[in-house]
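Participant: As annotated in TrEMBL:
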COMPBIAS  23-43  compositional bias 'Basic and acidic residues'
COMPBIAS  102-121  compositional bias 'Acidic residues'
DOMAIN    1-36  domain 'G-patch'
REGION    1-43  region 'Disordered'
REGION    95-121  region 'Disordered'
Amino acid sequence: MGYTPGSALGKEGSGRVEPVGLDIRRSRAGIGREDPLKEKRKREKIEFERKKKNEEALMAEFGSWQKSQWRSRRVVVNYKKAKAAVDQLENKEFVVPKKHEEEEEGGQDEEEEEEEVTEEDLQDIVMKLRDEYQYCPFCGIQYESMEALFSSCPGTNEDDH
């Protein structure tokens, strides 16, 4: 038939050189199917990776939520400090609540009494302090002039300080 050992099959010799290999299967699965144990490990690995990605996404989401909560609390605290500074600079009477008064009012929710403070509100009051009084609430210093304020103060928000 024209076969010579060690040469490729076909008219032009571009076919197989080695015969088709023999693969002994230990399971009763069909020819096109992988070993059931390998398939099970593969599914478990895919499931583990999916759960890991889901957990990482949840952690990132929780972290960003927690960061936004912290940031909003910082805005409220900074707003209250700036408002107290404005009141003091305008010679308004500023009364600090005493501890026992807060404990008596403990049944009321503070969040209901508290108005919603935004970053724009904080920025407005900070700019008022800087423009009218040359005062930076983050530095805690009242400067002599606007030039001294601009040269000594690092910026208009807490992140700059």
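Heads up, the Cβ atoms here are built off N, Cα and C, so glycines get one too.
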Participant: I need to check the long-range neighbours of the region 'Disordered' (1-43): which residues 6 or more away from its ends have a CB within less than 8 Å of a CB in the stretch?
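Facilitator: Same-chain contacts beyond the flanks: none.
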Participant: Need one number: mean pLDDT over the domain 'G-patch' (1-36).
Facilitator: 78
